[in-house]
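Features as listed in Swiss-Prot:
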- 17, 21, 265, 308, 409, 413: ADP binding site (BINDING)
- 17, 18, 19, 265, 308, 312, 409: ATP binding site (BINDING)
- 17, 87, 88, 139, 243: sn-glycerol 3-phosphate binding site (BINDING)
- 87, 88, 139, 243, 244: glycerol binding site (BINDING)
């Protein structure tokens, strides 16, 4: 480890759903340089989404080379690589040629819906929830992998003979970067496959049997922070975490009760529950996160379907704003929403309601309502939905929320951040560093190779740019929230369907 002093940089590879990025960090965890390339999305049928794994690897290697060149660095100056990735996306490749036998099936792809329905008919929902922490949904890797083995001729037999390998995107990239020497994944990615027992920390024999998946094709599961292998040019690969778990670590949410919300198109909330794998009563996922040194910790995860997309709707469909950034100005022009609530259930409601038949609605309209009130109500809806999820997580875990760390595009909106603190009655902390996902991967790699000595050293680098303190009186806060709950109840079960009462 002696030469680590001469290596002053860490590279984070952030392999996302639409682009591959490389971000170089220095010893102070500042961004030195970033490179990014988009790649093609393939939609062979309605509801199907695929990526070309070779293109993912090509763009990911290209941006790494590009970032080094841009920063004027040689690979000898890099201490380690950390990888963070779009989760659940499924790749199967030939061990000898290193080529995929089918395109990657992406997390958004719904083609394995029928396989999930069969699992439900077979009464496996409770077993899946207990063992893997997940709901029975095409979102997760297991049913995607079964689909490939069912539909690519001879593939199951070849997998049994040890000729084919399965991996999520992290595994695929590491296999390619190490020239086929290393077939691994980490606990956070394994916990998204629906094939992994999150309590024993082993591949689950019953799930493999039910989905008819040969054990031979699965990667070895390791911690999120250790040296897994080296690239052909000799750089150590030292950190792996799925994107949401990497963001949780990048935000330094390593103690029970610490939570982060990523405000994107939807919102992704994760709350650390320490060494307790909490079974949710509210439809949250129980998932594996990173403990203080990349070891296994548990978290609850909940998703809000419509966050930033609600603001896009104001802009693109209603055309009442020109730019998402304008919402802060309009929301601040009025003292409140004038009794208006917008429930953005455009695609149903996610956690904790799980109602696919709910539809969006505006409530409380009177003649005094102006566009400003509607814009304000749209921003408020993002904060209300976040509270819905965090209240459920606190009930499930028995942990009190200490503070909410935030990242993602919408955190630049000061009105939204202040209202979020107000409606939660909890401090909201916005970090200076917005690249929290890549930072998490860099931290994990840096800890593995001794680039950074300890968690305490990293905590010193987590600069909070602004803290938003709650300013609403308790009675006012609860009055507003009661109005939201009433509005949500009126949107439920709107769309006609077979199971309707």
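Just so you know, glycine gets a Cβ as well, placed from its N, Cα and C.
Annotated features taken from Swiss-Prot, shown on the structure.
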residue: 17; record: ADP binding site; Cβ neighbours (10 Å): 17
residue: 18; record: ATP binding site; Cβ neighbours (10 Å): 11
residue: 21; record: ADP binding site; Cβ neighbours (10 Å): 22
residue: 87; record: sn-glycerol 3-phosphate binding site; Cβ neighbours (10 Å): 25
residue: 88; record: sn-glycerol 3-phosphate binding site; Cβ neighbours (10 Å): 25
residue: 139; record: sn-glycerol 3-phosphate binding site; Cβ neighbours (10 Å): 21
residue: 265; record: ADP binding site; Cβ neighbours (10 Å): 16
residue: 308; record: ADP binding site; Cβ neighbours (10 Å): 18
residue: 312; record: ATP binding site; Cβ neighbours (10 Å): 14
residue: 409; record: ADP binding site; Cβ neighbours (10 Å): 15
DSSP state at residue 139 (sn-glycerol 3-phosphate binding site), helix/strand/coil: coil
Residues near residue 413 (ADP binding site) in space but at least six apart in sequence (CB under 8 A): 325, 327, 328, 379
List of residues, in chain order, with Cβ under 8 A from that of residue 244 (glycerol binding site) and at least 6 apart: 87, 262, 268, 270, 301
Env. residues of glycerol site, Cβ within 8 Å of mean position of 87, 88, 139, 243, 244 Cβ: 86, 107, 192, 242
Among 19, 243 [binding-site residues], residue with fewest other Cβ within 10 Å: 19
For residue 139 (sn-glycerol 3-phosphate binding site), the one of 19, 265, 308 that lies nearest, given that the binding-site residues are compared by Cα: 265
Residue 88 (sn-glycerol 3-phosphate binding site) and residue 265 (ADP binding site), distance between Cα atoms, whole Å: 18
Recorded sn-glycerol 3-phosphate binding residues, 17, 87, 88, 139, 243 - maximal Cα separation rounded to whole Å: 15
Separation of alpha carbons, residue 243 (sn-glycerol 3-phosphate binding site) and residue 19 (ATP binding site) (Å): 13
Inter-residue C-alpha distance, residue 312 (ATP binding site) and residue 409 (ADP binding site) (nearest angstrom): 12
Nearest recorded site to residue 243 (sn-glycerol 3-phosphate binding site) by CA-CA distance, among binding-site residues 17, 308, 409: 17
Extent of the glycerol binding site in Å [max Cα distance among 87, 88, 139, 243, 244]: 15
Structural state of residue 19 (ATP binding site), classified by DSSP into three states: strand
